[in-house]
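Colleague: I have a structure here, written as structure tokens, and I will follow up with some questions on it.
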Amino acid sequence: MEQPSGSPVRVCQFSPDSTCLVSGAADGTVVLWNAQSYKLYRCGSVKDGSLVACAFSPDGNLFVTGSSCGDLTVWDDKMRCLHSEKAHDLGITCCDFSSQPVSDGEQGLQYFRLASCGQDCQIKIWVVSFTHILGFELKYKSTLSGHCAPVLACAFSHNGQMLVSGSVDKSVIVYDTNTENILHTLTQHTRYVTTCAFAPNILLLATGSMDKTVNIWQFDLETPCQARSTEDEAKQFPEDWSEDDVSVWLCAQGLNDLVGIFKMNNIDGRELLNLTKESLADDLKIESLGLRSKVLRKIEELRTEVKTLSSGIPDEFLCPITRELMKDPVIASDGYSYEKEAMENWISKKKRTSPMTNLVLPSVVLTPNRTLKMAISRWLETHQK
């Protein structure tokens, strides 16, 4: 099954009954396939941007696509465009339907909750209804606060009672969908949180991050749901870490064997950032040269993050290769943005692999990221004043 336009496919999604499959591409084309015959059924396109998100309603009567330009577009199962509107200024990153309907007490109609998130650091809740008699309706309901950087992922729990989100600010937030209050703020990841998912039948949550880890969270039904305090949130800054936070960080880096040594020497966040090759060898008695080198590399990465946080430059504005503010950002075929010159040098000197995922790049074509460039320009104007 090849995308008719020949453009790289960015997203795909099965319908709830598995009879249809939607694929969305970098050029904005969207295709509805017959998932049993593997034949193209209908195709269409959005006005601007790449398609980066897609979700079917639980009843399969419609699906929603999100674009890198921020448009939320609703289609019916015949590929007719029912509605399109600007949902997130700097681009949509993810969207998800709650599987549980919400009843309207007045007319007895059922609606579905839809969540969308984007580069504008916001999560928006929408209410969607579609009947052949009354037609289609999409209503904006509310905006959930809590993140201070672009939100990359969102997902409803299977029972529709919770919504989870992951962000460039390295945090995971769990919301109560009825009250829209924050239930939990989880700050154990040390890099962008890129994906999150609830288990269907048990109260487990999985979160994945650019720190190369997947965290599994178990909900305790007997413990009252409480939001993490401001003091706990501050611990996302490494210099404020406790000894236990350092232990969590060591485990996330695959350095579990060093937890005991670090605890024995009372290494907290501030001490961690001040470690040198001499102190690792002489004070902590780490004999293996390879292990010392690995620890130093990880600490240097942490120091770079601290400098970024101190400078106040949003992490998404920094090139992953140079760690400097981007002037001419481009999107590579791995979906990530880089400084154009740095990525061109990377491609010319290295193998055709992604600097972020280490996987082979399907294409070496670099597309200007005008949305990100405008966001950086706006940020510069504000901070230069």
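From the backbone N, Cα and C atoms, a Cβ is placed for every residue, glycine too.
A TrEMBL annotation is a machine prediction, not a hand-curated record.
Sequence annotations record features per position, and here TrEMBL assigns repeat 'WD' to 2-43, 55-76, 144-185, 186-220. The domain 'SAM' annotation in TrEMBL covers 241-305. The domain 'U-box' annotation in TrEMBL covers 312-385.
Each of these features: where is it, how hidden is it, and who are its neighbours?
Modeller: A Cβ distance under 8 Å defines the sequence-distant neighbours of the repeat 'WD' (2-43), meaning residues of its chain 6+ beyond its ends; these are 49-56, 58-60, 63, 65, 67, 75, 77-79, 333, 335, 362-363, 367.
For the repeat 'WD' (55-76), the mean pLDDT of the prediction comes to 91.
With helix defined as DSSP H, G or I and strand as E or B, the repeat 'WD' (186-220) counts 0 helix, 18 strand, 17 coil.
The helix, strand and coil residue counts that DSSP assigns across the domain 'U-box' (312-385) are 28 helix, 12 strand, 34 coil.
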Colleague: Just give the helix, strand and coil counts over the repeat 'WD' (55-76), going by DSSP.
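Modeller: Secondary-structure composition of the repeat 'WD' (55-76): 0 helix, 14 strand, 8 coil.
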